[in-house]
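J.: Sharing a structure below in structure tokens format, with a few things to ask.
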């Protein structure tokens, strides 16, 4: 590997040699597969060969290395090439040392034996047991046929309003206290429950459909002696599965064999960790050799003993017991569910974990019931209203008691009217008033809100501007109850790969000898026809065209140009796949990373074609001439070296060292710094400005005597070549690769940042790649100070010393901050990441936490400084001391809070190398300590847990895999659509629902508080003022349509203005449109309206001698009702800002319904049918026929409207006009001060920012040099040097003893 020893030729290398190979294509007879204590094992006649050409390259004849059997060690250790064995961070291989170690493993699986695996049980509760091993069926839906009704009712009655209505319905069913018909509340309640249940059922049916699509995917399972086509849901633990190229792995499986050499298997894990580069997995050598036929696979009875299912994506320890021998297993032998098989024709695996036991499903988390901030606020407001109604009812009940007592005292001769005691009658009147005033919390408001949420969701589905035509993906609201949350988002947590980027890397530009070549270069003239017709190996998909560069290549005019392309064709780990029969001249490259594939393809198009490789040779075609280079050593990429080097011998005999890597390490090792080097630096700076991913190329010729000396003595290259600064003689140039972003990503992020939304990128990819994308999408900028581990430690030290004072305002105003951290550092820093998620639910008061730690302040600060020193020197993180568990928990909370506070003060946060569980816990931490609305967006299975944890989850469709979509609340086709989803639909939904709630509370109080004032004048008897039909139809017809229009169509600004002025989005983040204060204002406004309507009518009704006189209850009720209806109609007219014909129609229809229904219910013919049901006979006509009464109604409406009109329209307009006049009088203002540009913080010795980013995976060089990865090779192989020839690689070089 890159940090370990490089390789020496086999003739000079001490130690054991690799294992033997099976016969080559031309061999006959039995293969060389052997087992300890047995002779050669061939393939018997009649057996079907499932693996052709498997094994190591021919000519490798030494037996495999084994540990000798020792007493008490009944196991076998198998040698195989050392390489990376984890997906994200390199997992450390853990071999089992003795039998006692196996006792810690609780998971035991036997191959091809379902009966054996099915006997294991686990206790659930009491005596109830179930099968220990889960099936491979995935269920993300919340309900099934039996659980839907009870579970849905249980969830619905978590709403306080539903409980309130249920209590009122129960009280209403008691005849002695009921003041309204039983069906007046029970019918709306049933409708409300039915509507919400239907909505939940539709949402859950979509989940069931997605689950069926996944569970019904086809796979091949070994049944008996053949593989049969089955479904994913039919898989069981212990089954042997056959996977083909491009198949998705259906469960966590132990790799048994593959058609690749040495049973390698290449997998793409972009759906798990977001990395685009390929990773390799390798089967055990024993299964690779022995399981070569279907018959042998069917008779395989090996037993795997391993750790129980867990969420650690990069860790696995176990052993395989087979034929009385044991073989250790690690993550490098495991294929995880969700991976996609790449560049491997066929592989075979043994299912270890299935279904919800798989690692990816362990990281997915549980389905949470998401509630919006307004929904939670409504629960609290319902409690407040209920308590207020109870208090009012108590006051009215006491008033009734005093009234009855006074009546009995003054009218003792009518004592029979009140036969019961005063207390008993007051008790019953209390409940009567409670039922009468229960409509203060109108059930119709909750019913209409369901239609409003549904309608706004439909508008999202219908928005053609969020339709992604290339992949036919429309926007979709999978959850219909979170629309207003879209207008309150403060934090966005985004995946990188597939979310911000397209996963497409293209060769964009290059710089050779200080001259830039590329599509945008002045020297570039785009040809009218294909310039690569002369090259039969050219890839027509490459879009890089440069006529001047092509002319230099074809005329051999510049040696540096030839060396440039020669380096790209030689210095890599790419393999050549077999060409299709119909196109024998077409080369198929197998690249470990898209970066290397793009570089080798570019060299191929310019005439330097990589043809093939063996263990110690590379064959390329240079402008039609085939040349073979002998590979003497390969030094692979790693995170420390940041470069790859290849030492080759040219056909002419000269030895040359080719190196490509980061500019920061290449320039430090140049022989000289001339004009060409400075020109290359300028080109790199320009490439960095364009956010291209760059690599520098350099080489040097190595003298024969130096190489021979190195070969014989195995000394470090830094000692041999003496001068580190002169290790590379000549700089060839630089390459620039474009990691294409999705369309509109930079503009979207810029707009969202203006909306006061903080964007965090959480990715499993490497840090260099993530930072490069951060600059490309303008999340990071050159004037930002990027904080990494050391800076974070220093700042947190200040936090602890200053007692919860993280950063001063002065320090924040000086520079913009960005945070870049990795998952390992988060694991050390945040205690919650090492605990169960329920630890995040523990709330510790911050003041109490500091008080707990105040007693041991000195020791605490000393321990914190010690912890920081431990971090700096790479030692385990020291935890602050605590006297007891509570103090320890307090310190943990403070440590978490410090990190969240620091991150929240940064302009951008990028978390690299994080697991799916870490993504979710980061989101949970922000929610815990900042109580803000969070949104998570991603496209892969590794984003599911994050999407579920966030308040709003958005899944991107159209990428590989739909698991993120199935667990999301909203579906988009591209990241750029998030801008319109939040700023337009989210903001509109928030504005609409807030205006709807405010208006509904206002009109409810305006209409219902009249009952209270009326009770003060009727002896507190509980007699309703209004006609019964007015109460029944008020929220159904008379006032519903305008408020429904507000909830569905209201727009305070247009969609274009919402996008042009993203600052308007802040109103939702600050809860400005509906909060406790707005609620109090609405209630107060409704109370004042009811006072005006009631007492104005009461005042005119006392004028019994005037022309507007009326003294009957019915006329009084009609006048109050009419005043109330017109007042709330004027209020809705003032609220609406988006006027359309539909808006006018809803207002006219509401008034028309009132006129028609009032005339009908108070007509003579209905009175004749049922006088008790329709008692208001011609009351409307007596009111409408009196101009004086109508004038009183108009006066009441005017008194209610004019103050509101002045506050909302006249005063703001005058204030704005006055501000404009003052601005004109003052004239153009001069700048009092100018903001100086922020100083650029240089993290390197040079001022230029390095845009190096390479997604290559460490370990492929060893596979090549050991022959593990090769199908064919020469008759005599040679291992690569065991020491690094890279003269600057002190850490990679090794001594002779180490190589042995």
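Using the three backbone atoms N, Cα and C, a Cβ is placed for every residue, glycine included.
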J.: Per the topological domain annotation in Swiss-Prot, are residue 121 and residue 1137 located on the same side of the membrane?
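T.: Same side, per Swiss-Prot.
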J.: For which of the residue intervals 118-137, 178-197, 198-217, 218-237 does Swiss-Prot record transmembrane segment?
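T.: Feature transmembrane segment in Swiss-Prot: residues 178-197.
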J.: In Swiss-Prot, which of 975-995, 996-1016, 1227-1247 is labelled transmembrane segment?
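T.: Matching range for transmembrane segment: 996-1016.
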J.: I'd like to confirm something. Which of the binding-site residues, 637, 693, 764, 913, has a Cα closest to the Cα of residue 939 (Mg(2+) binding site)?
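T.: Given the candidates 637, 693, 764, 913, the nearest one is 764.
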J.: At an 8 Å Cβ cut-off, counting only pairs 6 or more apart in sequence, do the transmembrane segment (1142-1162) and the transmembrane segment (1029-1048) clear the bar of 3 or more pairs?
T.: yes
J.: Taking the Cβ of residue 764 (ATP binding site) as centre, how many other Cβ atoms lie within 10 Å?
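T.: Taking all protein chains shown, residue 764 (ATP binding site) has 31 Cβ neighbours within 10 Å.
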J.: Between the stretches 150-171, 431-452, 1029-1048, 1113-1135, which one has more Cβ pairs under 8 Å with the transmembrane segment (1079-1100) than any other?
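T.: Most Cβ pairs under 8 Å with the transmembrane segment (1079-1100) come from 1113-1135.
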J.: Counting by DSSP, what is the helix, strand and coil composition of the topological domain 'Cytoplasmic' (1136-1141)?
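T.: Across the topological domain 'Cytoplasmic' (1136-1141), DSSP assigns the residues as follows: 1 helix, 0 strand, 5 coil.
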J.: Ranking 382-403, 431-452, 996-1016, 1029-1048 by Cβ pairs under 8 Å to the transmembrane segment (150-171), which is first?
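T.: Stretch with maximum Cβ contacts: 431-452.
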J.: Looking at the stretches 382-403, 431-452, 996-1016, 1113-1135, which one shares the most CB pairs under 8 Å with the transmembrane segment (1029-1048)?
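T.: Out of the listed stretches, 431-452 contacts the transmembrane segment (1029-1048) most.
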J.: Output the one of 497, 942 that, of all these binding-site residues, has the highest number of other Cβ atoms within 10 Å of its Cβ.
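T.: Output for this query is 942.
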J.: Any residues 6+ beyond the ends of the topological domain 'Cytoplasmic' (1049-1078) with a Cβ under 8 Å from its own?
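T.: Hits for the topological domain 'Cytoplasmic' (1049-1078): 373-374, 377, 484, 487-490, 751-752, 754-757, 932-933, 979-980, 982-984, 986-988, 990-995, 997-998, 1136-1138, 1140, 1142-1143.
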J.: By a 10 A CB contact count over all chains shown, which of the binding-site residues listed here is most packed: 495, 939, 943?
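T.: Top count of Cβ atoms within 10 Å goes to 943.
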